[in-house]
Amino acid sequence: MTTPTAIRRLDAADPDFARHLDHLLSWESVSDDSVNQRVLDIIKAVRERGDAALVEFTQKFDGLQVASMADLILPRERLELALTRITPGQREALEKAAERVRSYHEKQKQDSWSYTEADGTVLGQKVTPLDRAGLYVPGGKASYPSSVLMNAIPAKVAGVTEVVMVVPTPRGEINELVLAAACIAGVDRVFTIGGAQAVAALAYGTESVPKVDKVVGPGNIYVATAKRHVFGQVGIDMIAGPSEILVVCDGQTDPDWIAMDLFSQAEHDEDAQAILVSPDAEFLDKVAASITRLLPTMERAAIVETSINGRGALIKVADMAQAIEVANRIAPEHLELSVADPEAWLPQIRHAGAIFMGRHTSEALGDYCAGPNHVLPTSGTARFSSPLGVYDFQKRSSIIYCSPQGASELGKTASVLARGESLSGHARSAEYRITDPDWTAGNKEDGK
């Protein structure tokens with residue numbers, strides 16, 4: 001007999017619901033002192049010894065015998081070879097996904113703009129791509145080619161000159177799909193290094209690894225901690241927490257569909273979070289039964305069970321309006337609106353990384369091939385953060401061109417404000433350009 005699921009049940013009508021929800025959502029992401037110190041030691045070694053440190057750490061952590069950095073560089077020809085080593089079906093899927101991701105992200109491109117004022121002053125904004133971006137890809141047989149597409153393609157669409165990928169190959173394990181994805185996405189250089197040492201190499205550069213402007217991509221606690229420490233030296237995408245899915249359902253979707261949607265995130269790792277919110281108590285019972293029945297069929301059943309029972313929940317609400325309130329409170333990475341009329345509720349959704357509309361739009365489609373990016377804010381950071389996109393690989397510069405007349409008029413305002421802040425150098429710099437003799441005579445000060 002199958003043991004019923006032990007997934008947590010919450011009711012928004014409970015006076016202690018807010019406290020229980022806060023406890024459900026809590027997750028400690030801060031590295032412990034030992035991890036922090038190890039990462040700092042690794043970063044220091046890479047900064048001081050460059051390639052030699054990378055070779056040493058690769059031998060130590062990845063179990064590889066390499067003589068030099070030359071053994072840790074994959075040429076373009078090796079990426080092209082990977083395309084021939086995957087199945088035709090896999091290549092077709094990668095190419096189709098890449099095409100859709102590229103098409104979606106093309107629409108995110110920002111253009112420079114300017115306008116001219118009556119006196120000839122020109123104001124504007126110049127959009128410039130980063131020179132070089134670093135992409136971290138987890139290694140081994142469990143690595144994810146979809147992450148290569150989602151990180152590299154927006155960078156190339158943005159116009160980044162060079163995309164540098166690092167991917168460890170523990171015990172020599174190479175994922176041909178990852179290399180094929182890198183080839184299709186247009187990755188320029190690949191180094192088979194990983195961990196905190198790879199992040200340090202990208203941030204500071206070595207004899208072989210070029211210094212980049214931004215580091216993106218997922219990784220373990222050492223990678224995440226290293227990204228925290230190098231932030232400021234380089235930009236980073238985000239410090240991602242465990243994967244999350246929140247399903248809001250009106251009770252009319254097939255319970256098996258919902259259970260499997262919850263599993264789709266729970267199978268990532270034991271800390272992943274899968275939550276269902278519905279006003280239909282009977283439907284919640286049906287989904288619980290589906291979870292119990294389907295769980296033994298999962299390849300990663302142990303991981304799914306730990307995640308579902310440890311951090312998952314079925315939440316009963318009074319109505320759909322309250323379901324949306326709960327969704328906004330959670331600010332999930334992935335939000336499925338599995339309802340009859342998702343468009344009606346969309347305007348009320350304020351906080352979510354990605355919103356999946358309707359019963360047929362499973363989160364898995366967005367993970368792989370719908371087009372929008374699957375690198376999304378987690379741990380409630382959707383309240384102030386956005387999905388990875390082209391804009392993460394572009395920067396903006398303000399453009400100011402003052403005509404003589406414009407400089408004279410703006411100088412008057414700048415002078416008053418600068419002297420109000422007791423910054424006479426600022427004031428006099430502006431005043432030198434004022435051509436109005438009446439203003440100059442009336443505002444002459446000692447030392448001017």
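Using N, Cα and C of the backbone, Cβ positions are placed for all residues, glycine too.
Note that the structure is predicted; figures quoted are calculated from it, not measured.
Here is what Swiss-Prot says about this protein:
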BINDING   Y136, Q197, N220  NAD(+) binding site
BINDING   S243, Q265, H268, H334, D367, E421, H426  substrate binding site
BINDING   Q265, H268, D367, H426  Zn(2+) binding site
ACT_SITE  E333  active site, proton acceptor
ACT_SITE  H334  active site, proton acceptor
Original post:
Hey, how far is E333 (active site, proton acceptor) from Y136 (NAD(+) binding site), Cα to Cα, in Å?
Top reply: 20
Subject >> Largest CA-to-CA spread of substrate binders S243, Q265, H268, H334, D367, E421, H426, angstrom >> reply: 56
Original post:
Widest Cα span across the NAD(+) binders Y136, Q197, N220, in Å?
Top reply: 13
Subject >> Which of Q197, N220, S243, Q265, the listed binding-site residues, has fewest other Cβ atoms within 10 Å >> reply: N220
Subject >> D367 (substrate binding site), number of other Cβ atoms within 10 Å >> reply: 20
Subject >> Cα-nearest neighbour of S243 (substrate binding site) within the listed binding-site residues, Y136, Q197, N220 >> reply: N220
**OP:** Ten-angstrom check, please: count other Cβ atoms within 10 Å of the Cβ of H426 (substrate binding site), all chains counted.
**Re:** 15
Subject >> Cβ neighbour count (within 10 Å, all chains shown) around Y136 (NAD(+) binding site) >> reply: 29
Original post:
What subset of the binding-site residues Y136, Q197, N220 lies within 10 angstroms of E421 (substrate binding site), using C-alpha positions?
Top reply: none
Original post:
Counting every protein chain present, what is the number of Cβ atoms, excluding its own, within 10 Å of the Cβ of H268 (substrate binding site)?
Top reply: 18
